[in-house]
Amino acid sequence: MSVATLEQRAVSPAAEEAGRIVVKDVNRIFRQEAGPDVIALDQVNLEIEPGKFYSLLGPSGCGKSTLLRNIAGLDHVTSGEITLDGEVIDGPHFLRGLVFQQPTLFPWKTIEQNVATGLEARGILKEKGHEVQEYIRLVGLEGFEKVYPHQVSGGMAQRASLARALVNHPKVLLMDEPLGALDAFTRMQMQEEILRIWQDRGTTIVFVTHDIDEAVYLSDKIVIMTPRPGKIQEVIDVPIGRPRNRNHPDFWRIRSHILKIFGFSPEHAESYQI
Amino acid sequence: MALSQPAPTGISEVQKKPFPIKNIVTSLLPLLLLALFWAEHTLLPDGQMFTKRRYLAESFPFLMGLYLVTFGASFYRKDFHEKLTYQAPLIAGVIGFLMLWDVVTLKLGLLPLPQFPSPGAVIAALIADAEVLFVSIYHSLGLLFGGYLLGLLFGIPTGILMGWFSSVNYWLSPILRFIGPIPATAWIPIAMVVFPSSFQASIFLVALAAWFPITIMTWSGISNVSNSYYEVARTLGASTRYLILKVALPASLPSVFVGTFMGLGSSFATLVVAELLGVKAGMGWYVSWAQGWAEYAKVWAALFVMAIIFSGTTSLLFKVRDRVLVWQKGLVKW
């Protein structure tokens, strides 16, 4: 029994200590040839604590994805800086794993080869290759190792892309609406999976979403962003224990607070009596 | 364990009726056509005189025996039997066509000689000139593979460099656009002077013919790779080298293969024309030499051999593609 537990835990979370992200005075302006400049990020300041689950929540155009892409190093800030554990981010790095809305698996690679991509790219496939199987098991894709991406469902593909990001032992896992393309049921199932993996690994997670329920259900902290110009409105603490109940009054309290910020709570709502 | 019983076989036995009578009749069609052809060939009076046809007349019993053996063997393998049943009408059709050809030429003399010999004459030419034909095939294959591989060897890297580095693209794409569309065969007069031997000149021409489409399609494939693949790879720690060789190249392979097929086609054309004009060996040379002696049976025989070589090479490339692009199965209909 204990042996089995040890085996399941063989992927040690030791490597993912730390993972503190500091966003300081960040501006990101997209210059357009026609039309006015778009201020995607306006004077954004944020400190993300290690090991915590953060959500960036807001309507489209609020700059949440731009902020995430800048943390990933795929985009460059116009001014200000972003640091991870004190080091300035100026390009992508395998310690900052990224999961997109679309699984973006490489169609010419099997699930197993896709998961192994990070190790292959870093030239350590030989030494660390055995971990690939552990991550495939972690996301529940045993038996699908030799299968090509077009042969699996959207949910399974997204699991594979999660495993692909995790295989590098990232300090931070950046997720850009990773469940946006899934149906409601698969989505809830994947939320559980992500929580389980996060609790197992202890990685800092920055999770972009426009789904309020999803943000409240998953996060330790919710960063509320508003558009035009994209800026942080408020950072909300979610002091609810896990597993969370979507129908608990505490859950609804936070939910209605967020709705109010976005102006979706009328002052004089009808009271329904059924 | 001791209680385990053998699995019941009843179900499969009920379903088993592997050789329906309709299939058997269908797969006997070629035999029927062969018999008809044989009767037609031996019983009808000849319209053309002085044609060699010994081999065809003698081959009928042999061909019928061969087909009978194949037919009998098919009862041992169900999949082979199904394949034979599927192919049988086509084989019968080919035999029927040959018979019609024989009637129109040898028996009725409707087509002019020597340009349109009977099938028997072509077969006779094929067998009589087998030695020369083999040498020609050997020469042509050497030219074809040498030139084509050279075209691949230069075409794919050129395409990759052009797709990846805008500076390479800046200098090479005008050259490619300007010179590429010239048919490689138009270079024959220049190539024959520049290269010390006509063999080398031909290798160059075939390589050039293959190089152009392969480069274009590799280039276009690389430039159309979705940016998100690069972004994913970069967040996973990929170097530029990895991005080129392990992301851009495999992602553009479907397009590269389109180029290889186009290149193969123009290689064939260039090969034959180069041999017609300059080289003193090979299939193209054989065709023009036979024509010079007005031996049209040999020309037809050579065309037949070329069809086999070129279609064989093309199917070989199809096999390679199916192997390499196995991940596309189900993704793309082909």
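Cβ coordinates come from backbone N, Cα and C, glycine included.
Under the heading domain 'ABC transmembrane type-1', TrEMBL lists B:137-321.
Residues annotated as transmembrane segment in TrEMBL: B:21-39 (among others). Within its own chain, the transmembrane segment (B:21-39) is flanked in space by residues 60, 63-64, 67-68, 71, 74, 81-82, 84-85, 88-89, 91-92, 95-96, 98-99, 102, which lie at least six positions past its ends and keep a Cβ under 8 Å from the stretch.
Look at TrEMBL and you will find B:59-76 (among others) tagged as transmembrane segment. Outside the transmembrane segment (B:59-76), and at least 6 residues removed from its termini, the chain residues within Cβ reach (under 8 Å) are 19, 27-28, 30-31, 34-35, 37-38, 41, 84, 123.
Residues annotated as transmembrane segment in TrEMBL: B:88-110 (among others). For the transmembrane segment (B:88-110), same-chain residues at least 6 beyond its ends with a Cβ under 8 Å from one of its own Cβ atoms are 26-30, 32-34, 36-37, 40-41, 44-48, 51, 53, 116-121.
Annotated transmembrane segment per TrEMBL: B:116-138 (among others), in sequence order. The list of residues near the transmembrane segment (B:116-138) in space but at least 6 beyond its ends in sequence, with Cβ under 8 angstroms from a Cβ of it, reads 41, 48, 51-57, 59, 98, 101-102, 105-106, 281-283, 285-286, 295-298, 300-302, 304-305, 309.
Annotated transmembrane segment per TrEMBL: B:145-165 (among others), in sequence order.
According to TrEMBL, the transmembrane segment annotation covers B:171-195 (among others).
Annotation source TrEMBL lists transmembrane segment at B:202-222 (among others).
A Cβ distance under 8 Å defines the sequence-distant neighbours of the transmembrane segment (B:299-318), meaning residues of its chain 6+ beyond its ends; these are 117, 122-123, 125-126, 129, 133, 136-137, 140-141, 144, 260-261, 264, 268, 272, 283, 286-287, 290-291. Feature annotation from TrEMBL assigns transmembrane segment to B:299-318 (among others).
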Practice problem: Using a Cβ-Cβ cut-off of under 8 Å, list the residues of the same chain that are 6+ residues beyond the ends of the transmembrane segment (B:145-165) and lie near it. | Solution: 172-173, 176, 202-223, 244, 248-249, 252, 256, 259-260, 263-264, 267, 270-271
